[in-house]
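Undergrad: The structure that follows is given in the form of structure tokens.
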Amino acid sequence: MAIPETQKGVIFYEHGGELQYKDIPVPKPKPNELLINVKYSGVCHTDLHAWQGDWPLDTKLPLVGGHEGAGIVVAMGENVTGWEIGDYAGIKWLNGSCMSCEECELSNEPNCPKADLSGYTHDGSFQQYATADAVQAARIPKNVDLAEVAPILCAGVTVYKALKSAHIKAGDWVAISGACGGLGSLAIQYAKAMGYRVLGIDAGDEKAKLFKELGGEYFIDFTKTKDMVAEVIEATNGVAHAVINVSVSEAAISTSVLYTRSNGTVVLVGLPRDAQCKSDVFNQVVKSISIVGSYVGNRADTREALDFFSRGLVKAPIKILGLSELASVYDKMVKGQIVGRIVVDTSK
């Protein structure tokens, strides 16, 4: 297919500035890169932070955000092997890494000190054509819907890796704090598919309904419960074996240590601005509780997360909007009005 010189994309020139839906140049792939015709992109809370500039990590400017892009390979650099024109490919948060440092050698590529990040340090998937390092680009099976698979590329991989990091077994209880947003709605399904019992913590009747529809076992509305810790203890017959914190509430993170059982694990995923993780040292030591951070996933985690999706074990509850509507999506994110995951169609 003929590749145009210009395309539609959303770009901003300063943090918090206007999100401009406009014609921008189509990027040229470097020798190690793919050029992907992005059909759909999920919208992640990280994209909001990149625009606001409120993380202690510098972005490039101007910037095209987005890091859950699903599309088709239309060109590639001369050093690329193992890919063909027409393959389905995904743009992840980790666009590229050095592949030679200690972290990369240990398959901890997201922790590479030279990591290149889609929609942050590398123009991302809120455009019709985007580049991705051929080594890190996700291989999407041909039998899947590109709109539905888009959120798996970050949200799905992230929660799947977080659940693996909890080191629990089938039949154990996992509590998901922030259960029905874009991350939580996928965490519920991955947890069920991995054989765990799922308790969800969130707010609102709409989210309670979604939690049950996705197969969750017990839902706590934190705005209605009189004693959340006591309710978790009662529901799980002795508190949770693990907690996955995907909320962006500092208070929720600190509270989660209180409803984790002895030798359990608290996994931190959500990144609230300027937050601290506070834990009573005596309680943590005597109960031998582990508090760990989990940051996206490596290539194997991506492959495994996509396999769960392609087998129909997880499905992102998505709403599709046009790329031109991205500013309104950010506004709803700020107000906490997103249920499930928003996916933008780059053709609209």
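Each Cβ is built from the backbone N, Cα and C atoms, and glycine gets one as well.
Since this is a predicted model, take the numbers as computed values, not measurements.
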Undergrad: Among CYS112, CYS154, which residue shares the Zn(2+) 2 site with CYS98, CYS101, CYS104 according to Swiss-Prot?
TA: CYS112
Undergrad: Starting from the Zn(2+) 1 binding annotation in Swiss-Prot that includes CYS44, CYS154, which of HIS67, HIS167 is the extra site residue?
TA: HIS67
Undergrad: Counting distance between Cα atoms, which of the binding-site residues CYS44, CYS98, CYS104 is nearest GLY178 (NAD(+) binding site)?
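TA: The answer is CYS44.
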Undergrad: May I ask which of the binding-site residues CYS44, HIS67, CYS101, CYS104 is closest to GLY182 (NAD(+) binding site) if we compare their C-alpha atoms?
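TA: Looking at Cα distances from GLY182 (NAD(+) binding site), the smallest one goes to CYS44.
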Undergrad: Excluding near sequence neighbours, so keeping only residues 6 or more apart in the same chain, what lies with its CB under 8 A of CYS112 (Zn(2+) 2 binding site)?
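TA: Within the chain, CYS112 (Zn(2+) 2 binding site) has Cβ neighbours under 8 Å at SER97, CYS98, MET99, CYS101, GLU103, CYS104.
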Undergrad: I'd like the number of other C-beta atoms within 10 A of the C-beta of GLY178 (NAD(+) binding site), please.
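TA: Cβ-Cβ neighbours of GLY178 (NAD(+) binding site) within 10 Å number 25.
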Undergrad: Which of the three DSSP-derived classes (helix, strand, coil) applies to ARG341 (NAD(+) binding site)?
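TA: For ARG341 (NAD(+) binding site) - judged by DSSP and reduced to three states - the answer is strand.
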Undergrad: Near the Cβ of CYS104 (Zn(2+) 2 binding site), how many other Cβ atoms are there if near means within 10 Å?
TA: 20
